[in-house]
Structure formats: structure tokens, C-alpha cells
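Peer 1: According to Swiss-Prot:
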BINDING   Cys3, Cys11, Cys14, Cys87  [4Fe-4S] cluster binding site
BINDING   Gln212, Phe241, Glu262, Asn307  S-adenosyl-L-methionine binding site
ACT_SITE  Cys334  active site, nucleophile
Amino acid sequence: MQCALYDAGRCRSCQWIMQPIPEQLSAKTADLKNLLADFPVEEWCAPVSGPEQGFRNKAKMVVSGSVEKPLLGMLHRDGTPEDLCDCPLYPASFAPVFAALKPFIARAGLTPYNVARKRGELKYILLTESQSDGGMMLRFVLRSDTKLAQLRKALPWLHEQLPQLKVITVNIQPVHMAIMEGETEIYLTEQQALAERFNDVPLWIRPQSFFQTNPAVASQLYATARDWVRQLPVKHMWDLFCGVGGFGLHCATPDMQLTGIEIASEAIACAKQSAAELGLTRLQFQALDSTQFATAQGDVPELVLVNPPRRGIGKPLCDYLSTMAPRFIIYSSCNAQTMAKDIRELPGFRIERVQLFDMFPHTAHYEVLTLLVKQ
């Protein structure tokens with residue numbers, strides 16, 4: 001992938017950009033095999049990759065510069081701002097949005113937040129695009145609601161320029177820390193969720209719900225999990241750390257009982273909406289802590305699917321699963337180091353199948369799907 005920002009030394013986020021994709025995949029596979037070297041693996045499936053540029057469905061832009069000449073991108077460690085509107089990881093459809101947002105920031109008087117001076121209002125611009133219909137969700141992360149009335153007043157102009165903006169919100173993040181969002185979300189549009197569709201499964205994206213940033217590879221990840229589950233004798237499963245329900249909604253059949261657990265209530269609202277659209281009445285999604293939910297249950301289903309954050313599922317949940325011993329565990333991980341650590345805590349299971357998904361090209365990161373079977 002060619003990147004003028006990298007060539008000019010202005011951005012180093014894609015540390016592996018100089019390596020061809022096949023070399024990147026080989027290095028990631030070697031890393032994964034090294035992490036799982038202590039465990040016999042019955043089947044290594046071929047790694048899955050997608051496009052090497054223009055694949056991201058989301059931009060998280062730090063806003064800096066002045067209100068008349070805002071920069072959208074990042075801050076270097078020394079505080080120097082860098083405009084990343086031309087980053088080749090973004091699809092071409094993002095360029096007109098960035099181009100319209102810069103004059104809009106001036107129109108609405110949204111002074112960029114200055115970290116050194118602790119002054120200004122606009123901290124971040126968060127943009128998400130649906131692959132299904134090209135609709136977009138735009139979030140303005142502000143320090144306070146001081147500029148809210150001005151923003152609302154200027155909004156018709158932005159809608160005129162960018163009719164693809166289906167959901168627009170203001171998020172209030174008052175803390176002087178590098179935290180992307182606060183708890184308060186103010187909707188400026190009637191529509192509150194972005195419609196997405198992977199493999200004919202309707203999915204919804206709300207402002208404070210996690211959604212994979214590489215849709216081409218994520219849709220293959222969900223489809224693979226579905227195929228693996230269909231090969232197993234499963235009538236009842238848990239989907240822990242389920243997010244908007246991507247895994248559970250793909251894996252469920254009309255006669256299957258499924259419980260999806262996720263701490264974020266916004267994500268659970270999305271999952272419930274999708275289940276209703278699919279007419280799946282035996283799916284139950286609840287906004288709870290996954291570990292607390294599981295460890296409070298007196299029995300387990302045949303299959304437990306886990307998709308934890310980078311820290312992994314942790315010892316308490318590993319101990320519970322070791323004791324209760326479901327027949328199958330499917331572990332989807334964005335951090336193979338913590339997954340390997342967790343598998344070490346599950347001695348009663350063997351690894352039947354592993355597959356790497358190159359969700360983050362040009363970096364050392366990857367996603368991995370693992371099928372564990374009770375010995």
C-alpha cells in the first residue's frame with residue numbers, strides 16, 4: 001500500500017506497511033503458532049485477509065488547529081497535530097465528509113480543544129459508515145454543551161452538503177484526558193442507529209456500541225463461526241461479550257436457545273432489534289457483566305462462545321468453564337497473547353481448530369478464532 005503520510009514520515013501507525021501482505025500474514029501466523037506452541041492443534045485453517053486499503057468503516061479523528069483552519073487526525077507525542085484526512089485506510093467516501101466538516105466547524109464555532117491550554121470545545125470527530133447502504137453516523141465529541149445551540153443551528157447546512165449522514169450526535173466528554181467519549185450522548189437526528197448487514201444478517205450500530213472496523217474481514221469471521229457451530233450438535237449456546245450480537249445472530253437457528261450477554265446497554269439494544277427482525281424468538285440478550293452472569297449459573301449449555309476485549313476472559317471465567325465443562329468453547333480473540341494465557345487455564349479442553357483473520361493489515365495485530373473441545 002502506498003501512503004504519502006508514511007513516506008513523508010508524518011504517520012507511523014501502519015508499522016508493517018513496507019512488507020507485502022503475504023509476508024505480513026506469514027509473520028502473524030508464526031506469532032500465533034509460537035503462542036500456541038505448548039498446545040496440540042488438530043487443524044490450522046488458512047488465514048483470511050481482505051482489501052489492503054480503503055477497508056475501514058470508521059474514522060476517529062482528533063480535532064486540532066484553529067476554528068477557521070481545523071485539522072482532523074492525530075497528535076504526535078510532543079503535541080504536534082497531524083491531519084490524516086488522506087489516510088489510505090479510509091474509503092473514498094470519507095473524503096467529501098472530511099472536506100465538508102472543516103468549514104462546518106467554523107460555521108458552528110466549534111473551537112478545537114487545545115490539550116496544552118485545556119481550552120476549546122471540539123475534541124474528536126467520530127465517523128462510521130454502513131457497508132449496506134452507505135449511510136453514515138457522525139459524532140461530535142465536545143468538552144461541554146456550551147456550543148450545542150450553535151451546532152444545532154448550523155446543522156441544516158451540513159445535512160444539505162451530506163445527505164448520507166443518517167445519525168448525528170453530540171457526546172459530552174468533560175475530562176482532561178485522552179478518553180474518546182463520555183457517558184452523555186445527545187441525538188441531533190431522529191434516527192438513532194445505523195443499519196448494517198453482514199451475510200444477510202441485519203446488524204445495528206449505535207453511538208456507544210463496539211463494532212468491528214474492518215467489515216470485509218469481520219463478515220468472514222462471523223460466517224466462519226456460523227459454519228463451525230452448524231457442524232456441532234448444539235441446541236443451546238451462550239454468546240458472552242456479545243457486543244451488537246454479530247456472532248450469536250449468525251450462529252442461531254430458529255430452534256436454538258441462545259443467551260447473549262454484554263455490559264454495554266446500547267449494544268444490547270442493537271442485538272435485540274436484529275433478533276426481532278430475524279424473527280428469532282429463542283434469543284435472549286441482556287446487558288450484564290459476562291463473567292458475573294456466567295459464574296452465577298448452575299449449569300452450562302453445550303457451547304459457550306466468548307469474544308472478550310484485549311484483556312481476555314480472565315481466570316474466574318476460565319475456572320468456571322473448567323469446572324462446568326461445556327462440550328465446546330469457541331474463543332474469538334483480538335489479542336492472541338491473552339487467549340493463549342486463558343487456554344492454559346482450561347486444561348480439560350483440546351484445540352480442534354484455529355483460524356487467523358487479518359482484521360488489521362499493516363500492523364502486528366490480528367483476530368483469531370479457536371474451537372476448543374472438552375477432552
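Note: Cβ is positioned from N, Cα and C throughout, glycine not excepted.
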Peer 1: Cβ within 8 angstroms of the Cβ centroid of Cys3, Cys11, Cys14, Cys87: which residues besides those meet this for the [4Fe-4S] cluster site?
Peer 2: Leu5, Tyr6, Ser13, Ile17, Leu84, Pro88, Leu89, His362
Peer 1: To the nearest whole angstrom, what is the C-alpha distance linking Glu262 (S-adenosyl-L-methionine binding site) and the residue listed as 'active site, nucleophile'?
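Peer 2: One finds 17 Å between the Cα atoms of these residues.
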Peer 1: Between the recorded positions Cys3, Cys14, Cys87, Cys334, whose Cβ has more other Cβ atoms within 10 Å than any of the rest?
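Peer 2: Per the Cβ count, the most surrounded site is Cys87.
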Peer 1: Which of the recorded positions Gln212, Phe241, Asn307, Cys334 has its Cα nearest to the Cα of Cys3 ([4Fe-4S] cluster binding site)?
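Peer 2: Out of the listed candidates, the nearest Cα belongs to Gln212.
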Peer 1: Excluding Gln212, Phe241, Glu262, Asn307, which residues of the same chain place their Cβ within 8 Å of the centroid of the Cβ atoms of the recorded S-adenosyl-L-methionine site?
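Peer 2: Close Cβ neighbours, site residues excluded: Phe210, Cys242, Gly243, Val244, Gly246, Phe247, Ala267, Pro308, Ser332.
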Peer 1: Let me check the 10 A CB neighbour count of Glu262 (S-adenosyl-L-methionine binding site). How many other CB atoms are there?
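Peer 2: If we count other Cβ atoms within 10 Å of Glu262 (S-adenosyl-L-methionine binding site), we arrive at 28.
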Peer 1: Rounded to a whole number, how many Å is the Cα of Cys14 ([4Fe-4S] cluster binding site) away from the Cα of Gln212 (S-adenosyl-L-methionine binding site)?
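Peer 2: Cα-Cα, rounded: 18 Å.
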Peer 1: Let's check the environment of Phe241 (S-adenosyl-L-methionine binding site): how many other CB atoms sit within 10 Å of its CB?
Peer 2: 23
Peer 1: Considering only the recorded positions Cys11, Cys87, Cys334, which fall within 10 Å of Asn307 (S-adenosyl-L-methionine binding site) when distances are taken between Cα atoms?
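Peer 2: So the list is Cys334.
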